[in-house]
Amino acid sequence: MSDVSATAIVEITAPTWGRASKASWEKTIGAFLIVAAVPTWLHMNWIALEQYNGSITAALRAASAEGPITFAFRHFPQFSLQAMLGYAFWLLLQAFFYGYLPGTLCYGQRTPGGHLLTYTANGLLAWAITHVLFIGGSVAGMIDPAMIAKHWEGLLVAVNTYGFVLAILAQWKGYWAPSFPEDRKISGSVIFDFWAGVELNPRFGKYWDFKFFHNGRPGIVAWTLIDFSWAAYQYQRLGHVTWSMIIVSMFHLIYVIDFFYNEDWYTRTIDISHDHFGFMLAWGDTTFLPCLYTLQVQYLARYPTYLSRTQSLALLAFGLTGYAIFRSANFQRDYVRARDGKCQLWGKQVQFIRCKYTTSDGKEHQSLLLTSGWWGVSRHANYMADLMQAWAMCATCGFTHFLPWSYFFFMSILLYHRSLRDEKRCHSKYGKHWEEYCRQVPYRIVPGIF
Ligand code: NDP
């Protein structure tokens, strides 16, 4: 244990940690630009896949030649009642599973307002039942396994509509009917509030958690189902499924099962513990995630790549190593905190910094910052491991087009920005003990480099 852990903490930071309380005009403009740009980007990807042989640059050139308005009118995805009803059914089914399937009761992280909320982790069961129904129905010939792929255009409209409506509702609820007023933030900018969210943990009643449901269920349960459907689409087109499709779907499958298997851990990650529920999470998890995270399979179904045996094995080895680090780093933090540091990692006594923080009710709480294991290698080794997996996923599509690499570039920006946000928050929460941690573990993400 470090020296600092043994000493009493003199300065305790005020509970200013959490998302920004006030929005500057730069933040407001930034939020506006993101809300306008990211849905456009999502649609451009679809247009490029459908009409421009998977080339985003060709689509952009056409948009600039035709003019953006004409281009948008000519290519905008069409509404489909069938897809809209199908998506409504999907949401109700997942809401039913979330509300009624048995699960383990688990605790989130203490909020700035001092609440310690409970969640029912039943995502793995919901995921399994959904997949048994869909794959079983396909094998029995009752449904076309490629139906999601074939209705993708209409589904794009449906998920976008829902994502926007949900974000508007979340903002309205945050202003007028907050579940936990002590944990809400009103920045003074309606646009920034729309983007970043007002409420931390909006709920229906005591238990039905808006954020927990939307972050995991409609998007992440769908992720592997979408993969399966695009693989079936590829099979129907080509008469076979390529190894590249199988490998990327397998990486996704591992990632998704890991998420639901460790749903209890997820309640203590930044999404649930610190991010407020606004457009970023509402639209992001219901719309952006299922559309962007599945780009590789959407691309491969139309433009297959053929990997050699050596390439396949190299990608598998790299991606699985990334996964092993990801899981181990994420496990270590929870494991050590649950044992209050009285345990070993990698065969040695755990090293950590003990710290305290206060919540807005004035109460003092204890925590610890791990300085050994992966958390002693770099401050976000779990992000580095996530990027290794993202790289392996995208590399299954080859190196000829940018579009299927969007996921890797997006994750690099997201995780870099997240590390900045997180460290700012940790600094205001733990003060000099965070500085001591940064001194002991100088690398942010990639050890020895950055
Ligand atoms: P982390 O799980 O990395 O949690 C960060 C928090 O851990 C900090 O806010 C702090 O919270 C605590 N902490 C920081 N340093 C230490 C330490 N040394 N010892 C103990 N606790 C520490 O954050 P994320 O939620 O961002 O990531 C979780 C996983 O999800 C990552 O593997 C990430 O790659 C992945 N992810 C995936 C995304 C995707 O879209 N695929 C998106 C975002 C994340 P506290 O207040 O508790 O001290």
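Each residue, glycine too, has its Cβ placed from N, Cα and C.
Because TrEMBL annotations are produced automatically, they should be read as predictions rather than curated entries.
Per TrEMBL, the stretch carrying the note transmembrane segment among 30-48, 220-238, 277-295 is 277-295. Counting C-beta pairs under 8 angstroms (sequence separation of 6 or more), the transmembrane segment (84-101) reaches the transmembrane segment (155-172) with 3 or more such pairs. The transmembrane segment (307-326) and the transmembrane segment (277-295) are not in contact, since fewer than 3 Cβ pairs between them lie under 8 Å (pairs 6 or more apart in sequence). Highlighted: of the candidate stretches 155-172, 240-257, 277-295, 240-257 has the greatest count of Cβ pairs under 8 Å to the transmembrane segment (390-416). Cβ atoms under 8 Å from those of the transmembrane segment (277-295) belong to residues 35, 38-39, 42, 45-46, 156, 159-160, 162-164, 166-167, 170-171, 174, 193-202, 210-211, 214-216, 218-220, 222-223, 226-227, 230, 252, 271, 403-404, 406-407, 410 of the same chain, restricted to positions at least 6 beyond its ends. Same-chain residues lying 6+ beyond the ends of the transmembrane segment (155-172) with a Cβ under 8 Å from its Cβ atoms: 39, 42-43, 46, 77-80, 83-84, 86-88, 91, 148, 190, 193-194, 197-199, 202, 210, 214, 277-279, 282-284, 286-288, 290-291.
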